[in-house]
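Here it is: the structure, laid out below.
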């Protein structure tokens, strides 16, 4: 509430001027800032019908800072004219004055001065008239004295164009007496206490009306992490494109499904401890589809299905090793094997979004644990052209239009492509995904019919999130150093579809 003294002074002013009073006049009469008077009006309105206040707007002209300076010291052109002696003044010396550039231009337009470019000592400025009348200063002084009505609109607009005048809208209140008007402030109670009820003095108290429309205190609640917001958008995009979500509840996977089923040789560097987290307990898996396992073993060690294989001694002990899955393609392999067991093949489109784990060196764009997004399409006759078309459609829905494709090598896809997107924050191209056409050596041992092709792509969830939220360091998005305030403040992510 405003100061009680100001409230009572305002009420006394309304009492004296029975017909009403303007808040601007009250401000001037009491010698206080108008905003304080407005605050007093609001406080009195909160007390009930003590006063009635109607807001009104009025416009008036007032001088800018430069305008006030000119009203006191004269216009720039007048100052330039007065600075030129009878013998003239070198132009370069004139331009060094504070008002030199603007004043020279205006004085030339007014034909008060002339420039002699052929003068012996260099360009020199001379007066062309004996005396001048500083009309700009005179007009500004009229406005300063509250006589702006004496100026024509054209003159005001010219001064406004020179940024010497400004048209200001002032909001004020017309204040009159209310039905419960009194010059005495009666404190309103905000709470009904047990003591008031026990003593009965609540009957003499005046209570402040309860505002049922007031906003309550916002309840504390959970906030979605930016990753989860973007994950929701990705999931919606896949569903819009007609994909079915794959179950991804197995963080621990066997080397067979994670590597061998994908036609990745057991000597591949990615299977080394430097890139994979192996599980110590349970260390080995024992349940596999035996007929499928034998076909995988054969295509690795001897070849088949039109392939020479890798020609090495494939070991079941290596395939049994449990690990934290390094990609969700292991899930895709399980789903494609399940699809191959159906009596009749039907085209499918699968997707998944879940965590994967890699024993990588941490830096601004790499984590040991991150989310992989995977899309898989299986149908007859799919080619690299189909893959590129789906990728363009998919990434356009993400709002990522700056894309580059680069040929790559994957043991289980041929041809293969890496997908890069330009990161505005890092000012460089960042790899956001990998893609390719699954090899026959992977698909045919599963039991899928010849002629069926499977195109697939995968990307991380973290890097597109960094791009959309303008985050340069992945450790600011995920990990123990994340600022929780960022989670509270991060806006909803809308991918431009």
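Using N, Cα and C of the backbone, Cβ positions are placed for all residues, glycine too.
What you are looking at is a predicted structure, and each value in this text was computed from that prediction instead of being measured.
Straight out of Swiss-Prot:
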- 329, 372, 373, 374, 412, 438: L-phenylalanine binding site (BINDING)
- 414: Mg(2+) binding site (BINDING)
On a count of neighbouring CB atoms within 10 A, which of the binding-site residues 412, 438 is highest?
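For the binding-site residues 412, 438, the Cβ with the most other Cβ atoms within 10 Å is 438.
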In Å, rounded, how far does the Cα of residue 373 (L-phenylalanine binding site) sit from the Cα of residue 414 (Mg(2+) binding site)?
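Checking the Cα atoms of residue 373 (L-phenylalanine binding site) and residue 414 (Mg(2+) binding site) gives a distance of 20 Å.
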How long is the line from the C-alpha of residue 414 (Mg(2+) binding site) to the C-alpha of residue 438 (L-phenylalanine binding site), rounded to the nearest angstrom?
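Cα-Cα, rounded: 6 Å.
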Are there any residues in the same chain, six or more apart in sequence, whose C-beta is under 8 angstroms from the C-beta of residue 374 (L-phenylalanine binding site), and if so which?
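The answer is 246, 327, 328, 329, 331, 332, 350, 351, 352, 353, 456, 457, 458.
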Radius 10 Å, atoms counted are CB only; among the binding-site residues 329, 372, which position scores highest?
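By the 10 Å Cβ neighbour count, 329 comes out on top.
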On the three-state reduction of DSSP, what should I expect for residue 329 (L-phenylalanine binding site)?
helix
Taking the Cβ of residue 373 (L-phenylalanine binding site) as the centre, how many other Cβ atoms fall within a 10 Å radius?
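By my count, 25.
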Around residue 414 (Mg(2+) binding site), how many other C-beta atoms are within 10 angstroms of its C-beta?
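Within a 10 Å radius of the Cβ of residue 414 (Mg(2+) binding site) lie 16 other Cβ atoms.
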When you look at 329, 372, 373, 374, 412, 438, which the record names as binding L-phenylalanine, what is the longest CA to CA distance in angstrom?
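Farthest Cα pair among residues binding L-phenylalanine: 18 Å.
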Please report the DSSP secondary structure of residue 372 (L-phenylalanine binding site), reduced to three states.
strand
According to DSSP, which kind of secondary structure is residue 438 (L-phenylalanine binding site) found in, if we only use helix, strand and coil?
strand
